[in-house]
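Feature list (source: TrEMBL):
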- Asp8, His60, His103, Glu134: Zn(2+) 2 binding site (BINDING)
- Asp8, Glu10: Zn(2+) 1 binding site (BINDING)
- His115: active site, nucleophile (ACT_SITE)
Amino acid sequence: MRVYISADMEGISGVVHPSQIDPNGSDYLRGRRLQTGDVNAAIEGALQAGASEVIVNDSHWVQRNILLEDLHPCARLISGSTKRLGMVHGVEGADLALFIGYHAKHGTPYAIADHTWSSSCVDDLRLNGHSIGEFALNAYICGYFGVPVVMASGDQALENEAKALIPGIQVAVVKLATGRWAAECLPLSESRKLIRSCAKEAVSVRNIQPLSPPSPCEVELDLMVTEMADRAEYVPGVHRIGGRTIGFECEDIIKAFEMFRTVVNAASLFTPF
């Protein structure tokens, strides 16, 4: 059984501040160690449930955060940021997926580091009229390849978002966010035990079906400032809906994701004022 793990950082045990998740942050090394520890707990749970292969994709920012030298020896690591499928690159062929250290979408109250893909660029992402975050976007991509997302970890806001999309999913709530940069955190021994237990249960039971992504995909994207929409409008296939809002349509979720990344990259070239 091949288990795939997508590992973000904002929802990791003990992470509550930008300095822990920014590669230039003063507490970044500690954040990397915390992330690696949570991922190891998920790997251990998956192995206890009978996984024969575990693939871990480092999915945060520069995607070179997980410490390979400290990673469980039974797992293989996908590291680096040039990946066609981004946060779920390498999911093809997996039997199931776990999302470790995930966070809620932008605009969610009482959620650590709430954002959607780019905290400086994306205000809201809507797929066929429904507002979605990174969790849903990546779960739909997994579903495209027939891979169910059976477990996640993060704060209570991520739990609400995950369970609304995938009823029955196992979620390890490792902290209770009281603001964007504050949370009541479980002791590491407890959070790792919880992650291990949820991963083991999810991989053992395997009672969740893959999400069926919509087709075609009608995407609307609210950007932070009008200049971002000005630049995004240059991308072929994109049309302007409002001052900060653009839209496009694609035949499937993979093409929609590729267009989304292209638009965000173009929009991010704005001049701050």
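Every residue gets a Cβ built from N, Cα and C, even glycine.
No curator has checked TrEMBL annotations; they are predicted automatically.
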Exercise. Excluding Asp8, His60, His103, Glu134, please set out which residues of the same chain place their CB within 8 Å of the center of the CB atoms of the Zn(2+) 2 site, keeping sequence order.
Key: Met9, Glu10, Gly11, Ser59, Met87, Gly101, Tyr102, Ala113
Quiz item: Which whole-number value in Å describes the distance between the Cα atoms of His115 (active site, nucleophile) and Glu134 (Zn(2+) 2 binding site)?
Solution: 8
Self-check item: The one of His60, His103, His115 whose CB sees the fewest other CB atoms within 10 Å, among these recorded positions
Solution: His115
Quiz prompt | Cα separation, His103 (Zn(2+) 2 binding site) to Glu10 (Zn(2+) 1 binding site) (Å, whole number) | solution = 6
Quiz item: If you draw a 10 Å sphere on the Cβ of Glu134 (Zn(2+) 2 binding site), how many other Cβ atoms land inside?
Solution: 27
Practice problem: Please work out which residue of Asp8, Glu10 has the most C-beta neighbours within 10 angstroms of its C-beta, and give that one of the binding-site residues. | Solution: Asp8
Quiz item: Under a three-state reduction of DSSP output, how is Glu134 (Zn(2+) 2 binding site) classified: helix, strand, or coil?
Solution: helix
